[in-house]
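Okay, structure first, notes after.
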Amino acid sequence: MDVIKKKHWWQSDALKWSVLGLLGLLVGYLVVLMYAQGEYLFAITTLILSSAGLYIFANRKAYAWRYVYPGMAGMGLFVLFPLVCTIAIAFTNYSSTNQLTFERAQEVLLDRSWQAGKTYNFGLYPAGDEWQLALSDGETGKNYLSDAFKFGREQKLQLKETTAQPEGERANLRVITQNRQALSDITAILPDGNKVMMSSLRQFSGTQPLYTLDGDGTLTNNQSGVKYRPNNQIGFYQSITADGNWGDEKLSPGYTVTTGWKNFTRVFTDEGIQKPFLAIFVWTVVFSLITVFLTVAVGMVLACLVQWEALRGKAVYRVLLILPYAVPSFISILIFKGLFNQSFGEINMMLSALFGVKPAWFSDPTTARTMLIIVNTWLGYPYMMILCMGLLKAIPDDLYEASAMDGAGPFQNFFKITLPLLIKPLTPLMIASFAFNFNNFVLIQLLTNGGPDRLGTTTPAGYTDLLVNYTYRIAFEGGGGQDFGLAAAIATLIFLLVGALAIVNLKATRMKFD
């Protein structure tokens, strides 16, 4: 007789499909919202990941994919999606002055107004639970008063000329400030039909829209008569001359447009960007290579020393040498920043007492770079030492015994046996270390902040900047505005450079050991 296994209520198919249906509706709603807001890339990504997840968890045939999907979704969301966004921004003029869409920038400009008529002093007087608005003309001495009204909506108030003062005490500045938004929504209509609106905390004045949108998409300045046309090459409304050519004036805010390869060509054609970019690229490669070499060399030598059988207190030495790895790197970096202080740092005090010198660690490019390499070696050698300590255990003692019988010394053992046997398994880790130091943002940012600065550059750049720090400074610290498009272009180039260097290193390693 077949045994029918009883299902719990939470295992029922009805509940499963209900939950999946609700999730599908929620995802659909979010995708529509993103699409309506113009966030097309976010909408597409959410739709793809959510649809794939719902299909995998709803279909029994895709059961095996349930174990793979979370990792793939995470990689797509946190690796591929930011990469695609960065590359997409690199082909636009997206910056602090060009963040809005064309429609939103046009709306902001059309909302601007200018004072085009008389100015009237105003007062606000209580009328029970309501208020009365009183205006006075300083030139003619005429007074105008509205009927009682309540705050809370856009409204038009018809004012009448009066000679009597309103009853009650005039509202003070605090009350006016608290109701400033409501007062800004009021349009006061004078007996002659002129309309005035609040222009300051004490005045109403005749205001008109500063710009008028013409049928051909041109904006006309109602105050000066200048016409502006959208220039989709630069993403601004730009003035046009009488003969139809572009003028010099641009209206802010601008809007985001596609610029093609402009940001990439700027990197190689604009001397103010090209020179610091190439110099920073060379320094980044040199910094990464020297750091990898020194950390591996120091770590390997120390690992051999603490594994030496004749050494007493090896456990204590191991703990002391691994301590830099246990301390968070940002704490160590800030401590070194104090130690290297040019005026009060302990390192300069010691060098001054012993040799009579006080290096300018933060103002001289050479000593600043030397300081970075010293600090980075201190931070990186414990990791390499731990790896080498583990790898040394895998080297058979027979090799050293045989070399001892041949009369080999410690140096011959190290260069003929230890180094060749350690360098092969360390190679992939050295490549990973190179890639990490190529983008070692935290060290530069906390220790030198890229300084000392380079002179005569279009973008902010320093002698100790790595490419990633240079990109950050362009995006967030530019004196002429934050240029996200150019920063994204440089970030894309960094991605290609790191990827190419990693591929070359891997192929070179494979050729060497094959």
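Cβ coordinates are placed from backbone N, Cα and C, and glycine is handled just like the others.
Membrane topology as recorded by Swiss-Prot puts Pro410 and Arg510 together on one face.
Within the model, the topological domain 'Periplasmic' (342-369) shows a mean pLDDT value of 93, rounded to a whole number. Nonlocal intrachain contacts for the transmembrane segment (484-506), taken as residues 6+ away from its ends with a CB within less than 8 angstroms of a stretch CB, comprise 83, 86-87, 89-96, 259, 263-264, 266-267, 273, 277, 281, 285, 428, 431, 434-435, 438-439, 459, 467-468, 470-472, 474-475. Counting residues 6+ beyond its ends, the transmembrane segment (17-36) has Cβ neighbours under 8 Å at 42-43, 46-47, 50-51, 54, 57-58 in the same chain.
Listed stretches 70-92, 284-306, 319-341 were compared with the transmembrane segment (40-57); the greatest number of C-beta pairs under 8 angstroms is found for 70-92.
Below 8 angstroms of C-beta separation, residues 389, 392 of the same chain, each at least six residues beyond the ends of the topological domain 'Cytoplasmic' (307-318), sit close to that stretch. Same-chain neighbours of the transmembrane segment (319-341): 302, 306, 347-348, 361-362, 371, 375, 378-379, 381-383, 385-386, 442-443, 446-447, counting only residues six or more beyond its ends whose CB sits under 8 Å from a CB of the stretch.
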